Each structure stands twice: as C-alpha cells, then as structure tokens.
Amino acid sequence: MPVEITEPVNLSRSIFICNLFSFFFSACKSCLLPFLTIYLRFLGLTATQTGIIIGAKTFSTFIFAPLWSKCAIHCQRRRLVLRTALFMMAVTYLPLTLLTSLSPSVKSCDFPVTDSSHTFPTTQLPISVTRTEQVPVYSPTSELPKLNLSDFQTTLSSSSTSQASHDSQSGTDAKKHTKDDDDVLLKSVKDILIHVGMDKEDIQYLSAEDIVNKYKLIANDEELLNELKDALSEEDKDILKEFFRRHGVRVRRKRDISLNGMKETFRLELHKKLKQAKENLFIVVLVVLIVGEALCSPVEKIADDSWFEFLEQIDDMERYGKHRIWSSLAYIFFPVIVTLVVENTTCLFNMKIHPFMFHFYAFGFFLGLTFLISFFYPVPSVAKSKYKSKLGTAMGRICCTCSGLLYMLTLIIMGFIFSSYSNFLFWLIQDLKGNEVTMGVCILVASLSELVVLVFSSRLIKVLGNGGMISISLFCLAARLLYYSYLWTPWAVLPAEIFHAVTHTMMWFVVLSNQAFRVSPMVDRAIRSVLSSAYFGVGFGVGSMVSGVMYDQYGLHVLFRALSILSIGWCPVFFLLQKCCLPKQDNDIKYTRLLQADDHSDDDMEDDWLEHALKDK
C-alpha cells in the first residue's frame with residue numbers, strides 16, 4: 001500500500017526539477033570525467049599511475065557512497081548531504097587545474113591548440129625520462145618552473161645568430177655592462193645549474209668560460225639537452241641566453257675540472273630529481289581524488305533514492321527511470337560542444353590559460369547550476385524506519401543461486417574490460433594524431449546508440465532470450481576491442497562506438513529484465529545496486545589498475561587484443577553455464593507474486609493469479 005502523503009505534492013513541478021537536476025548533473029560530468037585520464041596524461045603521469053588513480057577513485061566511491069546515503073537517511077538530512085556532496089565535488093576537481101604548475105609538459109597558450117593533442121607525452125616504461133615518455137615535475141619545496149615548452153636548443157645555440165639579433169635591437173647597450181652586472185648574471189646562472197641538479201661545490205668555482213664549455217658539451221648530447229630543456233623555466237632560459245650572449249667569446253680560465261665527470265653527475269642528479277618530483281605529483285593527485293570521492297560520492301545515490309521514494313509515496317512508480325533519458329541527452333550535446341571550444345581556442349580569456357582548462361570551467365558552471373537546483377529537489381520526509389534495507393534479500397537472490405552468481409561474475413568480467421577502453425581509448429586517439437573533437441563525437445555516437453537500442457531490446461530478448469543476448473554482447477565486445485587494436489586513423493573509431501549500445505546498454509537491459517531479478521520494486525533496486533557495484537565497482541576498479549600496468553608493459557594494442565580474447569573466451573562458457581543454471585520457471589510463476597508482499601502486504605492483487613498458477617502445475 002502506498003505511503004500516506006502528509007503534504008500536497010506538485011507532481012509536474014517535481015518531475016521538472018528531477019529532470020533538470022539529472023540533465024545538469026550529467027552535463028557537468030560529461031564535460032570533464034570522460035577526459036580525466038587525458039588530463040592525467042597531460043600532467044605527465046604514466047598509464048600505471050593513471051590506472052591506480054582511477055581504480056582508487058572507483059573504490060572510494062564504491063565504499064563511501066552507500067555509507068553516506070545510509071547516514072543521511074538515519075539522520076534525516078538527505079538534502080543537506082546532497083548539497084554538501086555537490087560542493088565537495090567542486091572542491092575536489094576544480095583545484096586540479098592548479099597542478100599544471102608542477103608539470104613543465106603543459107604547453108603555453110601561445111602555441112596553436114590544434115597541435116596540443118598531438119604533443120601530449122606518450123607514456124612508456126617508468127625507467128625512461130625522455131621528453132616524450134615522462135614529464136618531469138618539481139617537489140613542492142622547490143621553486144616551480146613556469147609552464148613553457150619553448151625550444152631550448154634554438155634559444156641557447158647559435159651564439160653568433162643571437163648576438164646579431166640582439167645587436168640589431170640594442171645597438172651599443174652591450175658596452176655599458178659593468179663587471180658587477182656580469183658577476184650578478186654569473187651568480188644567477190650558477191643558481192640555475194644548482195637548481196637543475198649539479199653539485200654546488202663544483203659549480204661555485206666555475207668561471208663564465210667554464211660554463212660556456214659545459215654547455216657546448218651538453219649541446220652535443222641531444223637526449224641530455226632535451227632533459228635540461230624540460231627542467232628550465234622561461235625566465236631561466238632568458239637568463240642563460242643573455243649569459244651566453246655576453247660570455248660566449250671570452251677566454252677560458254684554466255681549471256682542473258673534469259667536464260666529462262660533471263656531465264655524468266649532472267645526468268644522474270637530474271634523473272633523480274625528475275623521478276622524485278614525478279612521484280610527488282602522482283601522490284598529490286591520488287590523495288586528492290581518493291579523499292574527494294569519499295566526500296562527493298553519494299550525490300547520485302541520494303538523488304536516486306529520494307526520487308524513488310517520492311514516486312513510491314504517490315504510487316506512480318511507472319515514472320521511475322525516465323529521468324535517465326535527460327542524462328543521455330546531456331552526454332549527447334555537451335562533450336562535443338566543449339571539445340569544439342577547446343580545439344578552436346588558442347588562449348582562454350586572452351590570458352595564459354591552456355584551452356584544456358575549459359573542461360574544468362564548463363564542469364564548474366554546470367555543477368553550480370546543479371547545486372542551485374538541489375535546494376528544490378524532491379526529498380520526501382520519511383521516517384528512518386519506514387524503508388528497511390533490502391540488501392540482504394538482494395544478496396540472497398544473487399549469491400544463493402547459480403544463475404545469479406553467473407551473472408555477477410559476467411558483470412565483473414565485462415566491467416574489467418570496460419575500464420580498459422574507457423580509460424585509454426582516448427590515449428590511442430591521441431597517439432594516432434587525433435584531436436579532442438574526435439573524442440567528443442565518440443561520446444555523442446555512443447550516447448545516441450543507447451537511445452536507439454532501447455526501442456528494440458524487448459523484442460530481441462523475446463526472440464533470443466537473456467542468455468543469448470548476453471552472449472551476443474560478449475561477442476560484440478570482443479570484436480570491438482579487436483577493432484580498436486587495429487585502428488589506423490582517429491576517425492575510424494566511430495563505427496565501433498555504435499556497438500556501445502550492444503556491449504553496454506543492451507547488456508544492462510537484459511540483466512535487469514531477467515525474471516530471476518524481478519521480485520518487487522524495493523528488492524529490484526537493491527539487486528540493481530549489487531550488480532552495479534560488481535560492474536562499476538569491483539570490475540571497473542580492478543580493471544583500471546591492471547590495464548594501466550599492461551599498457552606500460554606491453555602497449556595498448558596488446559592490451560586490447562588480450563581483453564578481446566578474454567571476452568570471446570567467456571562467451572561460450574557463459575552460454576553453456578546459463579543453460580545449466582536455468583531456474584525452475586513453474587516455481588517462479590507461483591511464488592514471485594507472493595514475494596511482493598514483502599514490501600506491501602495489503603496490496604490489491606488480481607483474484608485469479610494463484611488459480612491460474614495452480615492450473616499450470
């Protein structure tokens with residue numbers, strides 16, 4: 001029997017607020033979260049580190065979302081917890097823009113944005129520190145270099161060209177330099193060399209000519225020169241340029257110095273500094289996202305629980321789930337819009353802000369709108385003992401039946417596979433010289449396919465059955481991954497995105513429509529939560545970590561092919577096992593309706609349902 005309503009309800013207004021909340025909240029997520037791994041790569045993190053961060057973030061949500069939701073119900077403060085979680089989401093993700101100050105790999109906005117996606121560092125084994133493999137950063141206690149990738153060799157080499165260029169601009173100003181100016185400049189250069197890793201005791205006795213010869217030695221080693229280029233800020237490069245312009249022709253004072261030994265020492269110290277600073281950046285991002293997700297994770301669960309209970313009160317459960325269409329619409333429009341802005345912008349707001357930051361600004365804008373709407377979100381006032389948790393019943397339906405365990409294991413495997421291309425497909429597009437617009441269109445195609453497949457899902461299930469449809473999903477998933485591993489151009493990824501409807505949306509529709517999981521509205525939601533935790537929690541979290549390690553060790557192509565083999569290998573296993581685990585249909589027909597009394601014992605049921613069930617015996 002529906003819960004008695006103690007206050008009048010404006011149903012149209014509540015539906016509008018719920019749809020608007022879903023639309024703007026999905027809009028804010030679609031602007032940033034699909035591109036978060038791109039940003040981590042932008043900061044210079046490896047695939048292993050990225051996988052660990054995403055996996056830890058997933059487990060944080062998996063653990064804390066139900067805990068916060070339960071506390072909110074117990075204290076009857078769901079609206080307050082909802083607003084607090086939205087605020088903490090902004091506090092978690094928006095400060096990530098400040099981490100660019102730790103990474104010299106971030107390009108200046110003076111560079112054309114159309115090239116930015118081509119020059120993101122590709123991640124390989126952690127032992128390498130070349131420019132295109134790992135991005136050096138500095139520890140928080142050191143002076144942070146400014147963000148610029150200007151060509152160091154062009155700036156510092158060819159002293160005669162620099163001399164001629166400067167003379168044409170400054171005329172006879174060079175003659176006015178005093179010895180004090182030279183000493184100050186020399187001291188600044190020594191400070192720079194000490195900062196990038198050279199030994200202080202060796203540097204303090206060097207003359208200007210010693211440093212010039214040191215540079216000539218470094219200039220012959222392209223790898224070392226690139227490492228030094230990454231370690232210098234724009235201001236440091238200007239100082240060195242002026243120094244070499246002044247002192248490039250002076251006579252060297254004799255010193256008993258082994259430049260070859262100093263070169264090796266410099267190399268080791270620089271490698272050590274870059275490795276340590278890179279680990280510092282990884283730890284900062286990891287801690288921020290774990291703690292942040294622990295505080296902002298209950299947004300979706302609280303909103304969904306509140307809307308379900310609101311509809312339960314007014315006895316209008318047919319409307320539950322329709323608000324998710326607005327979420328799909330947000331994913332259709334906003335990723336493409338944001339990526340178009342990023343790709344066609346050189347410098348945001350005429351300031352030195354990288355265009356990628358527009359992802360964060362759009363995220364913050366829509367999150368702010370969601371926060372305002374949360375003040376009016378329909379949250380029913382229900383006594384904390386009114387709705388008892390059905391988690392135990394749901395776990396019994398899943399874990400105590402052969403069919404339920406089979407479906408849960410299959411969802412864990414599919415979630416494991418889903419994490420690999422969810423996290424690293426855009427990395428592959430970058431490696432193929434694709435831009436962000438391609439990524440935005442990928443999300444658009446996948447979201448559109450979700451809406452289309454829902455029209456035909458029911459008919460396909462009637463023809464092929466639940467087991468047959470899951471087997472088709474596994475087969476299409478294997479084909480999709482295999483296709484990814486042979487991509488030859490970025491835009492070729494789009495046909496594979498159409499299969500997202502089969503490998504994800506249809507798969508979930510089939511699972512949730514399984515008669516073994518259809519008991520009563522309350523129990524059905526608990527079953528959905530358990531299965532979602534298996535897919536988006538355990539499977540996705542473990543898969544993120546493992547796929548990150550496999551990416552660094554074997555490469556993305558091997559990763560996708562290995563997961564393709566896993567999917568196609570599990571397909572016949574699932575098909576055969578589900579045939580052996582078919583539930584007793586006659587018992588389900590007789591007693592499923594009786595189980596519904598678990599929630600509403602006074603419901604008016606059809607008078608003849610039990611009579612028909614007994615006749616079928």
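Backbone N, Cα and C atoms are what each Cβ position is placed from, and that goes for glycine too.
Nobody curates TrEMBL annotations by hand; they come from automatic prediction.
Per TrEMBL, the features are as follows:
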- 20-40: transmembrane segment (TRANSMEM)
- 20-562: domain 'Major facilitator superfamily associated' (DOMAIN)
- 46-68: transmembrane segment (TRANSMEM)
- 80-102: transmembrane segment (TRANSMEM)
- 157-180: region 'Disordered' (REGION)
- 157-172: compositional bias 'Low complexity' (COMPBIAS)
- 281-299: transmembrane segment (TRANSMEM)
- 329-351: transmembrane segment (TRANSMEM)
- 357-377: transmembrane segment (TRANSMEM)
- 398-417: transmembrane segment (TRANSMEM)
- 437-456: transmembrane segment (TRANSMEM)
- 463-486: transmembrane segment (TRANSMEM)
- 498-517: transmembrane segment (TRANSMEM)
- 529-551: transmembrane segment (TRANSMEM)
- 557-577: transmembrane segment (TRANSMEM)
- Test the contact criterion for the transmembrane segment (437-456) and the transmembrane segment (529-551): 3 or more CB pairs under 8 Å, pairs 6 or more apart in sequence, then answer yes or no. no
- Kindly say whether the transmembrane segment (398-417) and the transmembrane segment (529-551) touch, using the definition of 3 or more Cβ pairs under 8 Å where each pair is 6 or more positions apart. yes
- When counting C-beta pairs under 8 angstroms to the transmembrane segment (529-551), the leading stretch of 281-299, 329-351, 357-377, 498-517 is 498-517
- Report, as numbers and ranges, which residues of the same chain sit near the transmembrane segment (80-102): CB under 8 Å and 6 or more residues beyond its ends. 32, 39, 42-43, 68-69, 71-72, 137-138, 140, 144, 147, 277, 280-281, 284-285, 288-289, 291-293, 295-299, 302-303, 306, 354, 357, 360, 363-364, 367-368, 370-371, 374-375, 377, 379
- Query: Averaged over the whole of the domain 'Major facilitator superfamily associated' (20-562), what is the pLDDT?
  - Reply: 77
- Item | Selection from 20-40, 281-299, 329-351, the stretch that has most Cβ pairs under 8 A to the transmembrane segment (357-377) | 20-40
